[in-house]
Amino acid sequence: RAIAFFVFVLSFLMLILLSTYKASVEEKFKEAPAAGSQERGEVSCMGIINEIILDYKFWRFMIFSFVIVGSKMVFSLLFFMIPKMITQQDGENAPFGLYVSIAPLLIIFFLLFLAPVQAKYPPYDLILIGTTIATFGPIPMFFGMNMIDFFLFIIIVSFAEALYAPMINVFTFNFTKEGREGTFLTLTAAPVYFTMALTGIMGGYLLENYYPAVEDSTHKRQPQYIWLTIIVCSGASTLTLFLGKDYFNVKEDVPAERSQ
């Protein structure tokens, strides 16, 4: 009930903020319409969808989005599996909320120091480095299920997430078509939900078979298989991204008159 009340209060405050918004403020920041914007604005919804679907860059990014799911699952499984495993390890009164809350705070901290690096180096290179670090994140968990190993795992995964996750948004704009950025980003959000679904399926299977609440003759706690599975999935994604660097790293089209 306390959680529901807290969510209600936040939602009510957001409604108050939205009710005070004035659309007239946007007029001060509007830019002059670019050439051809009128023609693009007159295209129907189906025309916009057909235009994006027929764009080869869109399909390349869709493939990229599904390939990187393996690496993104490392961070997703942190929130899905760690609370359950801590509860089963240390009891119902274990402070699993503390473990989970540390990750977002660490990401904010790391972002402050990684901003200069992210501004200097190409997004795709940072994505490769970040996914590689995330792949090796579960390694401390092979040495035991204790507080120190949990913290090391969270620190490594949080650093990797802070390094490459913002670069995915930057890298997305290499695929977008002028005037279709909003529609493109909306459609490419689908793999995010695919990650959530896959995380639930895989996490549930791994917990049930390799870290059950009650051990028996057929189901014993073998967390090393959980971490190995996560490493293999993330490693496969990272290797595919590395081998497909020339395919995914699309360069902007150069006009014919400029190339001559």
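Placement of Cβ uses the backbone N, Cα and C atoms for every residue, glycine included.
Cβ atoms under 8 Å from those of the transmembrane segment (6-23) belong to no residue of the same chain, restricted to positions at least 6 beyond its ends. What TrEMBL lists as transmembrane segment is 6-23 (among others).
Marked as transmembrane segment by TrEMBL: 61-82 (among others).
Under the heading transmembrane segment, TrEMBL lists 94-114 (among others).
As annotated by TrEMBL, transmembrane segment applies to 126-144 (among others). Long-range Cβ contacts of the transmembrane segment (126-144) within its own chain (Cβ-Cβ under 8 Å, at least 6 residues beyond either end) map to 68, 71, 74-75, 117-118, 150, 152-153, 156-157, 159-161, 163-165, 167-168, 171, 223-224, 227, 230-231, 234-235, 237-238, 241-242, 245.
Taken from TrEMBL, the feature transmembrane segment applies to 150-172 (among others). If one looks beyond the transmembrane segment (150-172) by at least 6 residues along the same chain, the residues whose Cβ comes under 8 Å of a Cβ in the stretch are 61, 68, 71, 74-75, 78, 82, 86, 99, 102-103, 106-107, 110-111, 114, 117-118, 123-124, 126-127, 129-131, 133-134, 136-141, 184-185, 188.
According to TrEMBL, the transmembrane segment annotation covers 184-205 (among others).
Under the heading transmembrane segment, TrEMBL lists 225-243 (among others).
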